[in-house]
Amino acid sequence: SGKLNASLCLWLLLAQLLLMIHGFEDLVCRVIATICHFLWLAVFSQMSAIAVNMALTFYRITPIVSLDAAARFKRLTIVALTPPMVIVAVCTGLDVGLTNGMLKVGYGTSLCSWISNDMETIVIFFYTPVCLSLVINFVCFVITLCGIEKSTKASSMVSHDTTRSERRKCVIYTKLSSIMGFTWITGIIAAILEYPALWYIYIILNGLQGFFIFLSFICNRR
């Protein structure tokens, strides 16, 4: 899980850095926007890979958990990066006119590092994969919580320290939610309702996502 978390941090860092690039020629902007689109999709795919890995670990699913750590990381990384590659390949084909211009993605047209501002394009090629990823993450989150509840009930029967156990579970749940991208739900709601206050919450929470991951998984005793 440590390598998966590190990969997520890498994709997130690169994606956020590319969003700040502007002022280049059209061709360069299209390339940057294509890479940035891939990186953001990779961020969500990596979150889902982490969520699936946690769910499988807590429920002892043998086909993947029985693999050694390196093989599991390699397999989950391939599974995580394949959907973004396919989506970006389709988008690139649409952009260069392989479909007679029926639907243009518009890499680098509105912003140097992003796709067009057309809502239909954004919904199809960004919000839909993001929502699918969040659904997967939520299901895996629930499965993981069930596994944690079972293990803590067994341990609490031995230790009888319920207060400490509940506090520990609260910390674990907060850590899990920080790495599964649930804060992005505020952005989706803000886009639908067009409520300015939600945009501020969305920007603050997601701008600090890397910081939250650092506090949860790096800044600890281990």
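Keep in mind that glycine also has a Cβ here, set from the backbone N, Cα and C atoms.
Here is what TrEMBL says about this protein:
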DOMAIN    1-221  domain 'G-protein coupled receptors family 2 profile 2'
SIGNAL    1-23  signal peptide
TRANSMEM  39-59  transmembrane segment
TRANSMEM  80-102  transmembrane segment
TRANSMEM  122-149  transmembrane segment
TRANSMEM  170-193  transmembrane segment
TRANSMEM  199-219  transmembrane segment
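A mean pLDDT of 81 is what the model gives for the domain 'G-protein coupled receptors family 2 profile 2' (1-221). Within its own chain, the transmembrane segment (39-59) has Cβ neighbours under 8 Å at 1, 4-5, 7-8, 11-12, 14-15, 18, 65, 72, 76-77, 79-81, 83-84, 87-88, 126, 129-130, 133-134, 136-137, 139-141, 143-144, 146-148, 151, 176, 179-181, counting only residues six or more beyond its boundaries. For the signal peptide (1-23), the list of distant contacts is 32, 35-36, 39-40, 42-43, 46-47, 49-50, 53-54, 57, 69, 73, 76-77, 111-114, 179, 209-210, 213, 217: same-chain residues at least six beyond its ends, Cβ to Cβ under 8 Å. Tertiary proximity for the transmembrane segment (122-149) is limited to same-chain residues at least six positions away from its ends with a CB under 8 Å from its CB atoms, namely 37, 40-41, 44-45, 47-48, 51-52, 54-55, 58-59, 83-84, 87, 91, 103, 105, 115-116, 169, 172-173, 176-177, 180-182, 184-185, 188, 191.
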